[in-house]
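*Asks:* Not my notes, these are from TrEMBL:
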DOMAIN    26-313  domain 'Piezo TM1-24'
TRANSMEM  27-47  transmembrane segment
TRANSMEM  59-81  transmembrane segment
TRANSMEM  177-202  transmembrane segment
TRANSMEM  222-241  transmembrane segment
TRANSMEM  286-307  transmembrane segment
REGION    334-486  region 'Disordered'
COMPBIAS  337-347  compositional bias 'Low complexity'
COMPBIAS  374-385  compositional bias 'Gly residues'
COMPBIAS  386-425  compositional bias 'Low complexity'
COMPBIAS  426-459  compositional bias 'Polar residues'
COMPBIAS  467-476  compositional bias 'Basic and acidic residues'
DOMAIN    473-815  domain 'Piezo TM1-24'
COMPBIAS  477-486  compositional bias 'Acidic residues'
TRANSMEM  706-726  transmembrane segment
TRANSMEM  733-755  transmembrane segment
TRANSMEM  788-809  transmembrane segment
TRANSMEM  892-920  transmembrane segment
TRANSMEM  997-1019  transmembrane segment
DOMAIN    1204-1450  domain 'Piezo TM25-28'
TRANSMEM  1223-1241  transmembrane segment
TRANSMEM  1285-1306  transmembrane segment
COMPBIAS  1440-1456  compositional bias 'Polar residues'
REGION    1440-1500  region 'Disordered'
COMPBIAS  1466-1475  compositional bias 'Pro residues'
REGION    1553-1572  region 'Disordered'
REGION    1583-1602  region 'Disordered'
Amino acid sequence: MEGGRKGSEWVREVAKEGRMAGGVLRFSLMSLAYLLLLMAIPLLPAPTFHTMRGHTGRFLKAVVGISVVNFLLQFTFQIVLLSLPPYAYFLQQCDFLEKLLRHLGLVRLDGISEVDGTRWLLPECVLVVGAPGAYLACLKLTVHTSPDLHLPAHSPPIQDPPPHKNMGLRVLNAVGTYLSVAVIGCCGVMVPSVTSAVYFIVFMSSATYWSLNNSLGRRFGYVCRGVMVFAGVHVLLLYLYQAQWPQEYLPPDSVVARVFGLTRVVGTDCGDARAAPLKTDEWSHYLNPILLLLLYYILAFESQFLLSNKAALLSPVGPSVRYLIRRTTVRSRSFKSPRSSASSRRASITHQSRRRLLSATATQEGVGDVQEWEGGGVVDSGGGWDTTPPTSARSRTTSVRESARSVGSGLSITASSTARSLRSSFGANGSLPSKLSPRPFQNNSSKSGYLVPSSQQDGTEGVEGDPEGREGGKEETQDEGEEEENPLQRIIAPLISIFQLVIRSSYIATNIVMMAWSITYHSWLTFVLLLWACVLWMIPNQRAAMLRCSPFLVVYAELLLILQYIYCMALTDEELPSQVEAVNLSQIGLVKYSKLSVKPLLVKVLYTTMFWVTLRQYVQEVVETNQKEMSAAAALQPFTVAVTTTTTPARTVTTTTLVPPTHDDQMTSPVMQRLGQWVRSLLVKFWIWLVAIMLFIFGIQGSQVVIFRIMYMVLFLIFTITFQLSYSAWRNFLYGFWLTVIVYQMVVLVLTYTYQFDNFPQYWENYTYIPEQLQNDMGLEVYDTGRLFIKLMTPTFFVIVTIIQVHYFHKDFLELSDIEKIPDQPIVKEPPKKDTKATVRSLPNLLESCTLDDVKGVFEHYMQRALARAHMVLGEALELGWRFLEIHLMKIVLGSVILLACYDACPLHWVFAVLASVAVPCPERVQTAICRTCIVLSSLFLIARMIYQIDYIDPQEWAANCSVYDNMTDVPYPLEEPADNAAWTGFRKTTNLPKYLKGYIGIIVVITVQAVVVIRQQYQRKLTGLPPPPPGVLFPNITRAVADDGIPECAKFLLNYGFFKFGLEICLISLVAVIGTRLDVFSLFYAAWLCYFFNRSRKDIARVWFAFIICITVLIPIQYLMCVGIPPGICTDYPWAGVMNVELREWLFFPDFVKPPESYKIITDFCLLIFAVCQQRVFEIEFEDGADSYEGGSNKEIVHEDQASLINPIPDFVTYSRNYLDLVKVVVFFTSYWITLAVMFLGGTNRVTLFAMGYVMGAFVFLWQGNEFYLRPLSKILKLWNYLLGYNVAVIVVKAFLQMLGCVFLHELGTHTCWLVHLLGIACVKKFGDESDEVLAQALKDQCPVPKSEAGLMWDGICFGLLLMQRRLFCSFYFQHLVTEMKAQTKLASRGAELIAELMRQEIAEQQAAEREVLNKIKEKMERIKASQQLVQNQQIREPTSHYEANNTSEQFSNVSSPLPMEMTSPPPLPPPPAGVDDAHGLSSPRPLPALSATPGAPTPSSANLTFSLDGYLEPTRLSLTTPHFSHLPITSPSEESFPFFSPPPYPALRDRHAPTRASAPSTTHDIGPPWLRDHMAYHRPSVSTTSPAMSHHTCNETLAL
């Protein structure tokens, strides 16, 4: 049934849209019928099974019938016109019959346009199909629904709707009520007229009634019903007025039409009466009928809801009462049905139900209502979010009683007058319960109590002795818990909190709206609002004053609305004049708007809405005060509420007492509460700086400077200077300062506001005798409408921002910033580490369980850890940043001062140059005093420059005409224009004020930040109890003792004490940088200091270092005076003008009017001064008593220590690498020497000059020495290195001097001695954007190209820095480990050579002994071989013809002495001899003799009878002297190339394979063996060890060795 009902609703909406289109597209009686049907829709019930057989069904049938009839009329009319040719000859344009038919909706169609044809015929075509379709669809969707569903056979106990549904109903009710009021107001102001005035009056009356703390309930429903009827009639009138006859009878320009708001949207043109041309260009006229129709529908539904029983469900009388009402409704319906007897019996309320009703009602009235009142806000059923309950209407108690009487239960409720007054104080028609009502931010100073049952306080139930009552109480508690958990409440709670905050702060918004109204609509009437708002801002208790004024404010605003409404009506000047005699009514506020009069009315209505809200707040607080007084009186004497029923004689008593609340903020959204606290703490800290920044912005913005803006800047400077001078005085001065700012803003606002009225400039001039020009310089000017709003908005907005600071954040800021009231904390050495693990819950084990919750838990676990880690790291980084600023911000301040002086050179800023130079070497207290002096002077100069921008001051009065002095002097004055002494002083007119004052602004900001940093650090240390760290130390726990523990510790140590260790080197490098940057006469002065410093000991340098500081300190002001020069107004030129060379004058840094010296060069001197002062403090620490125990270590030079007794405290990082830092140190110390020489070589090769050649030669000399340079004594190393460093310094000095030649005499040198220019690299080099050196180089481009790139000192400075740092490394203990490593490597290298030689000698001796032993054995075997050979010779007749034959023969005999068994000595078959062998001796085929050896081995000493030559054993291998040989390895035999052909291959295949090798091998003769064998051994046998199955002699030797 629910789906069918929704579908029928959708079909009805489609039909409604079709009928609405039919009424809008054309204006006729047919469309009027559609409009009437459209307006009847909200009066009908929704289509259901029953309503389709009642009014709704009959309505849809009527729609179908009218649609079909109209369609037939159109069709028949066109047929008639076609049947009487010619077509429509009797219908002429604008005659009576044509008008009559056109008003009916029948027109001729010949010659009609497509748009007009569609407009006239489309409604019938659409509705003739859509209306029957809608009717059939409704029947189809409702026919399947059971008529008995509204009265079920077995009626179950009716339960309360879910809490979120009831809450949604309340929200929709509130939104609907407010929407109804808003649409009524929009309809009233859309077209101001007498007719629309009805809506306007209803709107103002409803809003006023609501603002008096009344609910827009049932009574408002009756008002809505009446306005709905009026709106319907209004729509019909407007619709009918669009026809031709009404417009002819009552023209749109007539008084009646204009007064009653009959606007003509479309007209009629007799040229083509069927068209509907638009007759107005105001969008409000088109929107008005649409809004009226929308209003009709909204009011229909809203009134139906307010007048129905659904609104009673919103009354917070408890679930039992709602159950009772719904049961009664069901019973009343069941009586109408024939099946109602059983239902009525089952629906009767029992005795237990009445008791439950009684308990719930008493609890809800006694507890819930007072809790709602204490919670500070409800939403009434009439639609309003209410901060306190209404005071009138007792409908809640009445509704309870009526509901009880409808069931037939006789309930008599008796209570004391106090309880009755408390219950009756709540609004009629119910309010939102405490679960939904917004709770205001509780004020800790005043907390009121709750009215709760005393039985609940004791832990018992509200109704004694009733188990069902206890059960019901449990059920109710469960329902409340479910209501707390519903998602709708979670969504709405933050919105309610925001809305409640707006409501509670409505008095501020009202004050802002008063000022906004006055500046938006400038008039005398709104000027009253401006003055009123200003007075209220100044009252200390501004909230109470605003609330008390709210009734009068509402009355005044409504009067203004009524007047404006009258003047927005379409009336002429004769009917409603805008000027009476000489009085301009528009100046008073009676402004007539010819077009779009809805805009001012709508804006003013929106302004007045905030006034109504404030009035409601005021009335609520008055009622709340009265209720608190009654509650306080009731608390003195407990009261009871006695409830008696007619069915039981027993009397249940519920005692209620006043107890303090336990959960004041239970209804506040936790998210919004935390967010609000965080935002408030943030605003308390930084809102004051927002006000100060806005004060500064208002003073600096724009191009035109007036006195009003200068005063803004004066106030800002007073604020900052006081903060700088005394923090405690500044805190005491704040409240008075804010009041002064507010008063000044209000005075500016009032003066600017009144100056815009007629004739006020003349009044000012006549009564104050201030000319109009000076008035403009003050800031009084007549603006147009657009600029006036901006000019008035600026002070208004700033007043609001300042008052917010005073009323909301001033006291909290004073409490937060009071350092004296912070209790002293015990001093701790280290800051406590936050335990981030305690807040992170345990990690789920995904291996055991891997559900979605477990994954979510793991994700949350790691997210919490990451967030905690990020929070900790961010906190440490912030603290580190604050500490860094605390250490170095004074240098930044002084640097900013000198930057201001150098970038804007003038006599006034010479004071800054002196103060900055003097402050650098002074103690911290003197520096602080100088900073305060600088900020005071900067403020004075800034104000003076702003005053100079006023048009009243003429710059020509400061100028001096020096042309009269030209005849009196020999040298003419160089300036052609008049001398501007103001510009020389530092004053000039500008169109970009922020850029002109940026230097002063920078100083003020930097010094203010410095004060903030100092105060913040003091506050933080007193809050945490941490002692101040040592001066200049960034990480207090990092000292020299832990610097070698790792890379982080080393980096922190360098940040702490890097300048202490390398400060002197940094100063000398800076000195070279100053020389290379300036390149003038002062660079020679600094070069002289460099010549003294570069090779002196630290002690010698410390003696004269303070004199060096004094020289720089004195030189800076002197140079600045040279940059400023003398005033041009004295009309006297310098004595060297016209006499001295311009380049020489510039090199000497002499002043000049045309091209003064560049003041930017002084910045480099100041940076050098800062480094020098820091180094002076290093020297003081280094040479004071107890310097050895300093945390940064010692800077003693080890070259002056006794090297024999010197103990190296640095651990050996070369041999033992404990961490990555040791590896880094190894890389740095082993490569720095070579990198330095490489850079020096690169610096020499990049330039082709005589000086560059010296770099190359020096690099080669040291590179040639290599690592042996480390083995020299340390004094010798430093002496040699100082020679190289001295050459580098000499080059720097000579190049600095050659700049004078290059800039002054470059042309002469290039013309006559070009070779010298290129040899020495002479050129003119200028920095800081001066391009005059390019002009000199271009002049000699053809004659002698100038090597400008070779004249600079960049490479010389880089070489100097590297050489200096390398010398410092030579003097460190780290370098001693490097020297030790080099010595060890040298000793190990020599000892290794000795060991290798000894091993080689031992190896040779052992090999020789082994060879002798082998030789002896071979000799013995040779003797036996000879004896055996003699036997063979004796037995044989002839000599063997070949070696192979002899070999085979000998093998027969040697087999006797072979140690191998006979079965292993079978020889392989020999192939036949090759062709061509002589067979003369009968030996062509040798006898088969048994082989002596068939094993793959070589002869051994036991079988040496196989050997015919001793060369293989008599020539041992020559050992290499470069390759060590170890005795445990076997002694190898010499290579085969050193042997003769000792054993030929045993078979012809191998012999054939090596034949080419024999032919190509060099021949070698041997004396061993018989003569016949020598010829066969004249070739070199290659190795066959990898192919022959028999081993070679190498293998034989190895076997012997084994």
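The backbone N, Cα and C atoms fix where each Cβ goes, and this holds for glycine too.
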*Asks:* Taking 3+ C-beta pairs under 8 angstroms (sequence gap of 6 or more) as contact, is the transmembrane segment (892-920) in contact with the transmembrane segment (788-809)?
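*Replies:* Contact between the transmembrane segment (892-920) and the transmembrane segment (788-809): absent.
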*Asks:* Averaged across the domain 'Piezo TM1-24' (26-313), what pLDDT does the model get? Just tell me the whole number, please.
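*Replies:* When the pLDDT values over the domain 'Piezo TM1-24' (26-313) are averaged, the result is 81.
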*Asks:* Excluding the flanking five residues on each side, which residues at least 6 beyond the ends of the transmembrane segment (706-726) place their CB within less than 8 Å of a CB in that stretch?
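*Replies:* That would be 692, 695-696, 698-700, 733, 737, 740-741, 744, 748, 776-779, 931-932, 935-936, 939, 942-943, 946-947, 950, 1004, 1007-1008, 1011.
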*Asks:* Mind checking which residues reach the transmembrane segment (788-809)? Cβ under 8 Å, same chain, six or more beyond either end.
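*Replies:* For the transmembrane segment (788-809), the nonlocal Cβ contacts are 508, 511-512, 515-516, 519-520, 522, 534, 537, 542, 683-684, 687-688, 690-691, 694-695, 698, 735, 738-739, 741-742, 745-746, 748-749, 752-753, 756.
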*Asks:* Sequence-remote contacts (6 or more beyond its ends) of the transmembrane segment (1285-1306), Cβ cut-off under 8 Å?
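*Replies:* Hits for the transmembrane segment (1285-1306): 1072, 1075-1076, 1079-1081, 1083-1084, 1087, 1090-1091, 1094-1095, 1141, 1143-1144, 1146-1147, 1251, 1254-1255, 1258, 1317, 1320-1326, 1333, 1336, 1340, 1346, 1351, 1353, 1356-1357, 1359-1360, 1363-1364, 1367.
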*Asks:* Could you pull out which residues elsewhere in the chain have a CB under 8 Å from any CB of the transmembrane segment (997-1019), counting only those six or more residues past its ends?
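*Replies:* Same-chain residues near the transmembrane segment (997-1019) but 6 or more away: 700, 717, 720, 723-724, 727, 817, 819, 822, 882-883, 885-886, 889-890, 892-893, 896-897, 899-900, 903-904, 931-932, 934-935, 938-939, 941-942, 945-946.
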